[in-house]
Structures are given as structure tokens and as C-alpha cells.
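Undergrad: Next up is a structure, given as C-alpha cells.
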Amino acid sequence: MTMITDSLAVVLQRRDWENPGVTQLNRLAAHPHFASWRNSEEARTDRPSQQLRSLNGEWRFAWFPAPEAVPESWLDCDLPDADTVVVPSNWQMHGYDAPIYTNVTYPITVNPPFVPAENPTGCYSLTFNIDECWLQKGQTRIIFDGVNSAFHLWCNGRWVGYGQDSRLPSEFDLSAFLRAGKNRLAVMVLRWSDGSYLEDQDMWRMSGIFRDVSLLHKPTTQISDFHVATRFNDDFSRAVLEAEVQMCGELRDELRVTVSLWQGETQVASGTTPFGGEIIDERGGYADRVTLRLNVENPALWSAEIPNLYRAVVELHTADGTLIEAEACDVGFREVRIENGLLLLNGKPVLIRGVNRHEHHPLHGQVMDEQTMVQDILLMKQNNFNAVRCSHYPNHPLWYTLCDRYGLYVVDEANIETHGMVPMNRLTDDPRWLPAMSERVTRMVQRDRNHPSVIIWSLGNESGHGANHDALYRWIKSVDPSRPVQYEGGGADTTATDIICPMYARVDEDQPFPAVPKWSIKKWLSLPGELRPLILCEYAHAMGNSLGGFAKYWQAFRQYPRLQGGFVWDWVDQSLIKYDENGNPWSAYGGDFGDTPNDRQFCMNGLVFADRTPHPALTEAKHQQQFFQFRLSGRTIEVTSEYLFRHSDNELLHWSVALDGKPLASGEMPLDVAPQDKQLIELPELPQPESTGQLWLTVHVVQPNATAWSEAGHISAWQQWRLAENLSVALPSAPHAIPQLTTSEMDFCIELGNKRWQFNRQSGFLSQMWIGDEKQLLTPLRDQFIRAPLDNDIGVSEATRIDPNAWVERWKAAGHYQAEVALLQCTADILADAVLITTAHAWQHQGKTLFISRKTYRIDGSGQMAITVDVEVASDTPHPARIGLTCQLAQVAERVNWLGLGPQENYPDRLTAACFDRWDLPLSDMYTPYVFPSENGLRCGTRELNYGPHQWRGDFQFNISRYSQQQLMETSHRHLLHAEEGTWLNIDGFHMGIGGDDSWSPSVSAEFQLSAGRYHYQLVWCQK
């Protein structure tokens, strides 16, 4: 044990937090979760241990701008003005200094290993009583599961130790410091340390004791470590459980270890052995270690699909059988290996349906509770995810247990990121930083290696490629050859990774960056000598209204076996709750706390909002990742299962046929598909519709029974096909009254019964409509070529740093947002049975014509207004965001009814999950509340839209809400939006895709850009 004076002054003088060679003082070695049961049955059933005591709760807290401001007296007694905070928590969430959101740029001046003199410091203290029997014998430890960034610990005024690495436990022996009765802990937490240079992840920078604190009482002679691993024969019919157990203490020669393996209430295998029997080399063996091997016949294998778990109980006892201590862990029999360029799980090539997940809570910052963790896992499973990357640090210990039990594959990632360094490997190639990096990798492995869910180790994130990575890669491969190692830094295919693991590589497009080219994922596989599998560590940047082009990745994954999936960036928006002057909550992002530097809304890249409400993009991910694929041939549906191990034992296939949303026939049958097999389902003779319309066959896979992660009735997969339809010929209708045209100097006015249409001759726009005396429009019907910019449209562009390549900057520079309209034509003609208004407009900026729009409005005797639009786009203007019409309707109706794709928001490059049907939703549900307002709520493939007294028919896309595109463009946060008068309607003949390969470069694929020179669309507007 390192001895140091208890004086605070000496601690401050040492400045351990500015020395990369000092990562800890007196911290105990890393190990798996301990509970120190004194009863084997309690260990087997994972009951709460009497030897484990939580110290979570209210602690005294005082904040100081720097450690030098902390008074020496605080070591012995609470300060009179100390506050109370809950542990675990981030002190920024309690009003002490501010959270900082930055992606790449360090939040402090870069001068490693030194940190600013103004280093916010939190002083925590807790007074507690200790169980006196704990003082009489044994060892009492204190465990801090997570403290950011570094801390010194005192107990009863005496210095205990020091720790850093905010995402792994720091554990200390308190035995020599405790006394009978009351005891006082004092923890001085520093916001910044040299460790902060290794923790430059894209997240909020927060501080404090943000994970659990607990006391653990162990016997003097104790289990100090244990490691389990599973080995198999070729066909997985026989397995061996290897358990390596290490002890410390006395009576070594008289001790025995028993390892028993349980499956529920049944003991499967057991073995007992003394210590020191295994020869390691010519000098002998470890006197304090032993390895037991238990044979298991026909083991129930673990996978994310079927997470079969056993329970291993490790008992330390005397030769006569007296139990000293028991530890235990869940065991999953599974094998991970790479063979012939494929990542195999239990001999099968696994397709990673993955997502990156930050530990984030909108109210609690980086504090994770079990309820939130379970909620995340259930949502992931329900949306067909099978894997999660712990981005970019080891997670709360409970997370891994839950992943074991519910079934998720885990990439466990070391808490190392130096993204803001120039070059990025400045520290990771420096041997002076190897000890700090080594602690972060080795301790992660030692803590988490018993978890079957952990199938891949990661050396960290965005830290370049340095010699330290190579050393740590070799260490892991030596200590744990049972798992592959991945690391993206330095080009995603260095010697420090077993898997090609690029981020944001595109399907077909090379990005030939200097030094670290990012090849298309298809090309990467074919590079000379490249035999590794490719799994994208990050892809499909889900920032705001995004995930366009996701289907293209999944087409490639299914086409090329060595393209084994990837991890979407990312799971949850990292917005935080603030409150306005009236106490109303609102969602904040970078800069909203006065934090500098900041990267604005770049913290919100989630498939779910911070409160775990799904984004519409989540449904697209669910559909593309579904485990059942379908093919229709005649009346036969071929169902292919992509499950590797699971037979479809809880699935019904429901099919239905509908004509323009009207059900014609349906049926249901059980699915009986073996893993990686097919089932042919013959449908009955389908009804022939008597009328015309779109005829669709829809299939859903429904789980009739509840599972551990879903309720009864959960839909896991679906598909639609458009069937052959009857052709129709428009027959002449019975004569109607002929609309009457009235011409004045200002207007053309058409009247039919109680309806009137007014066209302003000076503007050429439909300026008003009446039903009776009620006006229908608040603004004229106009062309629209813009959208409120998406995050993907903005990219990295900002007011002080313009990116001219961003879509929004191209549109601005070309004048799309500032275009003024010039009337070219506005005429009226009386036809035999209708009135025809013909208009032409030029949309211009600084004397240059960007668009010419020619329209005809044909109002017939039935009251229908048929609108035909032809648009010419200048060849040298950027491709527009949309080609459509917009107006502000006077009515605010409660519901919107449409025949088209839905029910969720969908866009041309993100619509495979949408289904064609007749949908009916509240108006409020047509708006997607992205925290940073943008274009939202589009519904594509629409044949009919009904709202209030109005109906629109044609083939178009639309969005409808209380917010104009102008307001969405000008508003920084969703809570600042105000419902405008009436309802804004946008009807598009054509709409550009949204992109999503990344959010900092134009990523809309060419096929989803509006690159043609001419566009034509039609629609009919009438009153119901």
C-alpha cells in the first residue's frame, strides 16, 4: 500500500491528476463482480448479499472552483454551508457549474498532461455506521463504480487512495481506516485530470460520483479473482467449462475450491480441487490459483436469439468442507471465432444488427438506473437489434448482466478517445501514456470477461493508431484468445484489429482521405490480401430527420457474406432537460448552458429521443433488420428465416388484401420455419376487386405470446406487395352546372353553387377559396422549392464557419431561400364544361431565373379543381429540396386522413418500412418533434388526402402541421415553436431524399436527388 501523509496540502502539491504515470494509488486489482456470499444457495439464486451494502443516497456536497480552494478542515468535518446531493449523480445536473457538449474539440486548453488551474472540484462526504462484526475480522472494501474525472479518498480524516478512469470501478481496502460507530468518508472529485485527455468522447462532459458506491465485506482469506470460459468439440455436442480461480490470504494448503454448474434447480456438473496443483513452467505453478474443468454434455448454447444461461458457483472452503466464501456468475455456453473471413458465433456467421449507445438520461445526465437500462434493451430487441456497442467506454456493470439475460451481443470498448489531438495518435503513440491506456484496457477485460454477451473487445475510439494500441492488442489476444479485438483508429484495418471496422464508409462510394482512405464497403473486402470480415463500427448517422439510404446498406449486407452488418450511430438523443421561468421543461443541447466550446445539436443523433420515444427512423431500422424475409410468386409466399438458432415457435403469419385501404380478404397461419430455412405458404384464391384502385397484399409476423422482451401481439416483421389492378376508363359524367367566371382588373373569380375560387391577376396565385361565406385560405397557393434544413442539409456549416458544400449553403448561395417570383402569364378561358386558369411564374434571384413553373387550374361543374404543374429547373442551380405547392389553410381540423404510405413519417430514401393503407391520425401526430426544428412529417406515395372539408387526389407527398417552413427554419428549439393560425399544407410532386450515411457531408444518394431539368405532376383539389 502506498503511504502518503493525510494532509490535503501534500495531496495538492503532488498533483497526481497531472501525471499520466499515476493512474491510481492503493486501488485494488480489477475483477468480476463480487458479492461474497456466505451461503452457496444464495449465490446460486443471485439473492442480495448481506456482505454488500449500498452507500447510494444523500451525501453532503460542497463545490469549489479549484482544488486549492478546498479548506483543510473539510477532511475532518462537513463545511457549514455544504449542500446535499444524491449519489450517484452528476453535479452539473444539480446546478454546479455547467455541462459542456463538445464532439472533437477538447473542453480545456490542450497541454497534456496539464489541466487548467481553474479546475472545478466537488467535495463529497458521508457519515455512516459500520457493522461491528465487519471490524472484528475480514476485509471491508469500498467500491466506486464510476467517478469523473479523478478523485482522492479519505476515511476518518486519513488519506486512503486515488483513482481515475471515470468508467471503471475504483476499489479500496478500508479495513485499516474504519472504527466502531460512526465513520466519515471524504471524496474530493476533480473535473479535469490528465485522464481527461483520454476521454474526449462525443458526449456531454460532466463530473461527479455518477455510478454506485458500495461497501463489500470479504473474509481475510478470500476469492480474489475468477474467470470462466467455455470450450467445445466440433459439433458443439460436448463442452468444457473452464474456471480459473485465484485466492489470497492464509491457509493455502488447507483450502479447496469447488465449482458447481447449475441449470435452474439442476446441478449439471461439479468439481473440487486444492490450490497449486497445476504446473505452469519449469519453476512450477501458481500456489494461489487453480483451474477446474467441468464436462457438459449437449449444452444449451447461448446466443442473442436464445440466451440460455447457466449459473456457476465458486466456493472457497476448508478441507473439511466449511464454506469460507462463495462467488457466482451467469455462464453462457458460446464460442466466438473468425474463420474464412467470417465472424462466427457457435459456428454460424452472425449478421450484426447493432447500435451504438451512450449512457444518457435527460434528467440525470450520465447516471443509469436499471429501469432505463431495461427499457433500452426491450426497445432494441423489439426493433430487431441484436447487438450494442458500448460507445465509447465500459458501461455500468449491470448493463452486461442484463445483456446476458435478455440476449444482446456486446462490443465492450475501452475508455480511450483522443479525437481532439493533432495528430490523433499523439498520445497513443507515446510510451509515457501506455500505463494509462493499459489500465483502461486490462481492467475492462478483467472486469467483464465472464459475460457471454461480450463477444468483441474494442481498444477505444478515434485515437489514431499508435504503438500502444499494438501492445494492448497483443495483451488481449494473449489473455483472452476467445474473443476478437476491433479498433477503428488509423484506418479501420490496421494490425490492431481482427475486424475491418470502419465508420461511415459508404456502400459504393470511395472517400479517399489522405493517410486513412475510407473505401466503399464492397471494395474493402476485395483489397489485395484482405481476408477479415467487415463490420461497420458506426454507420447511418441518425441525427434528426435522417437514416435515408439505410436499405442500401442492408441490401449489401445480405448480398456479401463478409459484410456482417454494423452499429448505427446512435441509440439515444443526448438532450438534457432545462426549465423555463415558469417551471416548464424543455430539451437543451450544446451551448444552452453557456458551455464553450460547444457543438450545438450534434449531440442528438439518436434513433430515440432522450425520453426513449422512438424517432420515425427506428421503424425503418426495424424493418430492414427483421429476421424474416419474404418473396411473393403468384399466390405463394416464401418466408425465409435469418435466425441462426431459433425455430419459429411463437409466430403467426397474418396476411390481408386491401383495395385502396378497404379490406377484401385476410387469413392467419402459424409459421414453422427452422433456423436459416424457408417455408412456402400458399394463399387461397384472392378476391377480384369489382372497382379500380391500388390492390395491396400485406403480411405481418405476429408473436401471439408475450416474451421476456415483448408483449403478446408484437409485430416483428412485415412486407407489402402491390398486386395487379383493373384498368379504368373515365366515362363522361352527367352534365353539371357550368362554373361562372367573373373577371375584374385584379382578379379572376370562379363561382359554382356555394363555392368560389379567386385568382389574383397581379400575382397569378390562387388567392382565396370560399365555401359559402367561409374563407378557406390564409395565404395563397404558391410554388415551394425549399425545406427547413435538416441536420444533414446543414452538415458542419455554422454562422462562424461556413461549409460551402453543405446543401443549405448551396441553396442559400443560389438564392433558393431568397427567390422572388415574377408573373409571366395569368389567363382565364371558359371551356364547354369548365373554367381553365393558366399561369406561369419565374422564380428569380439577383436577376437569374432558378425555376419556371407553369400551372393550369381546371375547375369543372362538379367543383373539382384539377391542377397540372410543369416545372423547369435551371441547369446551373443546385438540385432543389422539393418541387411542390404550399398554402396556409384557414381550418384547424382534429384529424388527418390519407390513402398512402404511413403511418409514420417517411421520405423517398426512407420509406421501406411504411405501408400503403388508409390512415387516420390526429393532426398533432403529423408533426415529428425533433428537438432542433426542421422539415418533418412527410408522407409519400399519397393517392388521397382528406383534411377538414377538403380532399386532394393524385400521386404526391405531403406534410401538414401548425408550423410553417419559415418558422421551422428560424427556430432553434422545438419548445420555442408556436402554433400558427390555421394549418400549413405542403404538397410535393417531388421531394429530395434526406440522406444519412453521415451528417457532415452531402449524403443523399444521386437517385434521390432532384437532378432532372423538368418535372410534371398533377393533383385534384375538391371539397368533400
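From the backbone N, Cα and C atoms, a Cβ is placed for every residue, glycine too.
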Undergrad: Just to be sure I read the record right: ASN103, ASP202, GLU462, GLU538, TYR539, ALA540, HIS541, TRP1000 are listed as binding substrate in Swiss-Prot. Which of ASN39, ASN395, ASN605, ASN936 is listed for the same site?
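TA: Site partner of ASN103, ASP202, GLU462, GLU538, TYR539, ALA540, HIS541, TRP1000 for substrate, according to Swiss-Prot: ASN605.
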Undergrad: On a count of neighbouring CB atoms within 10 A, which of the binding-site residues ASN103, ASN598, ASN605 is highest?
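TA: Per the Cβ count, the most surrounded site is ASN605.
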Undergrad: Between ASN103 (substrate binding site) and ASP202 (Na(+) binding site), how far is it from one CA atom to the other, in Å?
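TA: Cα-Cα distance, ASN103 (substrate binding site) to ASP202 (Na(+) binding site): 4 Å.
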Undergrad: Among the recorded positions HIS392, GLU417, HIS419, GLU538, TRP1000, report those whose Cα falls within 10 Å of that of ASN605 (Na(+) binding site); none is a fine answer.
TA: none
Undergrad: So which recorded positions out of HIS358, HIS392, GLU417, HIS419, TYR539 end up within 10 angstroms of ASP202 (Na(+) binding site), measuring C-alpha to C-alpha?
TA: HIS358, HIS392, GLU417, HIS419
Undergrad: I need the most crowded of these binding-site residues: TYR539, TRP1000. Count other C-beta atoms within 10 angstroms of each C-beta and give me the top one.
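TA: Neighbour-count leader: TYR539.
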Undergrad: Rounded to the nearest Å, what's the C-alpha distance separating TYR539 (substrate binding site) and HIS392 (site 'Transition state stabilizer')? Just drop the number here, would you?
TA: 15
Undergrad: Sorted by position, what residues of the same chain at least six away from PHE602 (Na(+) binding site) have a C-beta under 8 A from it?
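TA: When sequence neighbours closer than 6 are ignored, PHE602 (Na(+) binding site) has TYR101, ASN103, ASP202, MET543, GLY590, SER999 within Cβ distance under 8 Å.
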Undergrad: Measuring Cα to Cα, how many Å separate GLU462 (substrate binding site) from HIS419 (Mg(2+) 1 binding site)?
TA: 5
